[in-house]
Structures are given as structure tokens and as C-alpha cells.
Amino acid sequence: MEFYKYHSLGNDYLVYDIRKNQEELDQEKIVRVCSRNFGIGSDGIVAGPYEKDGNMYVRVFNPDGTEAEQGGNALRIFAHYLKAIGDIQKESFELYTKSGISQIRYLNREGNRIQMTMGKLRFSSKALGLSGPDREAVHEFFNFGGEEYDCTCVSAGNPHCVIVLEDTDRETVCRIGKYSERAECFPEGINTEIVKILDKNNIEIEIFERGVGYTLASATGACAAAGAAYKRGLIDSDVMVHMPGGKLWTQIDEDWEVKMIGSVKRICKIQLFEDFFQGI
């Protein structure tokens, strides 16, 4: 099995080109490959390209083997991979995931600085898979680990619980995230971001991803956090999102369509030994 390792702002993914690999990925193999102790180590795998009705699809997998609906960093990484191997010659193209379509645009010749659309932000509890009657989950209080938090829940292709606090740090988001990720009120699980408002055009966030845990950066998390803060009137529609791994620019239009710009970096090509999966 052959993989290409990339990262975007410290959020690392393995590209699995299905045209170069005959072996199917299953949950057990994904967990083993993504393990930082017993495998290559990564925040997930992006596999493709799949073709359906003339459209190009990718699948994004978390390190616990579950499939994610969306993954902004993963999609930009796969887009750069396609550019690097010469599959994409044009400036822009469309890439499909489980949650829908993203417009990809290369902003430089190398193809490592990329603008992409992330679809429409949705605040409906039904779209988020929240329990209870359908409603906008804005300024809604949830109890995580015995503490009440003022939350705004938003779907950016996948579900997010966003909490605005005076300060952000890893310890706090991990403490909240271990409860919120699989809380009963979120039957499908949820990603969690804590947000500090720096000014009208800058926010700082920390992220705890469903199926991943603490992570240095998340494109969908950045878009969700920006959307939640904008919904509450705390920031403008154009905002720079500061994460431990780096910065992403996001823009939200009047229809809640969101786009973002970020860079990716190639790390290495990896060939697994034939006996790697023996004994699992």
C-alpha cells in the first residue's frame, strides 16, 4: 500500500490513491495506519478519486476508522496531490464528498495555496442531528461534565458545537470535548471549538474533533467557529481564524455560503511493507 503524507497547518492526512492501490481500506486498517505508535501516524486518510456520473469524489476517514462527511484540510490536500501528479491542469475544478460539492481554485502555480467553497452553514438542529424539536441551536445551553456552556451549533458539512470564551487553551477544549463529543444531546457525535474574539476580523480557536481528539487545525472547524461568531454579531463576515497550527481566512456571504483560503505542504511518500497488516 502506498500513501502520500501531507499537512495543512499541522493537520496531517495520508492520501490514498485508489488507482495505485488494489487493497480496500477497512476500519481496522485505517486505525492501524493512522496510529502514531503502531503505524504511519496521521489525523486521517483521504481516499480517491472515485468517479460517479462524471464527477470526482473523495472519502475522508478519521483515525478511528469512521468516515467524515467533510474535511476542508483533507480536500485541499487532495487537490494539491492531483495538481502535483499532473491530473489537474486547469485553475479550478469541483470535488465531491459525502456532504456535497466544493469548488476548488488554485491561487499559485505550485497549487499549494488553495481557495475552496465549504457549502452553506446551517444552524438547524435537524441538520445537525440534535435531539429534540427542530430549532436554531443558537445561544443554547448544554451541560458538559457538570458545567453549563452557552453554545451555538452549526453544520459546516459536519456538525460543530461552538463555545465563545474569554480565553482558549488546549486543556479547556479537551475537558469540554471529551464530554461533548458523544453527549446524549448529539446522537451522531459532534466536533467542538472554543473561540476567543480578538477583534471584528480575527478570532482564536482551539479544536476537539469527533473521532480524532485534540487537533492543531481544522478547516471545517474554522468555518464553523467563524459562522457561529458571525451569527451572534460578534465579528464581520471576513475573518482570519487563528489556530495553534496556523491561520485560515474565511468569508461568509449573505446566504451563509462560506469559502476559505489556506496552504498545504507535502511531506513524504510512504510504501508499507507487505506484512504490515499481519497479526491484526
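The count begins at 1 with the first shown residue.
Keep in mind that glycine also has a Cβ here, set from the backbone N, Cα and C atoms.
TrEMBL entries are annotated by machine, without manual review.
The annotation substrate binding site is assigned in TrEMBL to ASN11, ASN62, GLY72, ASN73, ASN158, ASN191, GLU209, ARG210. Annotation note: ASN191 (substrate binding site) sits in a strand segment as assigned by DSSP. Shown in sequence order, ASN158, PRO159, HIS160, CYS161, GLU181, ILE207, PHE208, GLU209, ARG210, SER218, THR220, GLY221, ALA224 are the residues of the chain, 6+ apart in sequence, with a C-beta less than 8 angstroms from the C-beta of ASN191 (substrate binding site).
In this structure, ASN62 (substrate binding site) belongs to neither helix nor strand by DSSP; it is coil. Cβ proximity to the substrate site centre (mean Cβ of ASN11, ASN62, GLY72, ASN73, ASN158, ASN191, GLU209, ARG210, cutoff 8 Å) flags the following additional same-chain residues: ASP43, GLY44, ALA68, GLN70, GLY71, ILE207, GLY211, VAL212, THR215, SER218, ALA219, THR220, GLY221.
For ASN73 (substrate binding site), the same-chain residues that are 6 or more apart in sequence and have a Cβ closer than 8 Å to its Cβ are SER8, LEU9, ASN11, TYR13, ALA217, SER218, ALA219, GLY262, VAL264. Within the same chain, residues at least six positions away from ASN62 (substrate binding site) with a Cβ under 8 Å of its Cβ are GLY44, ALA68, GLU209, ARG210, GLY211, VAL212.
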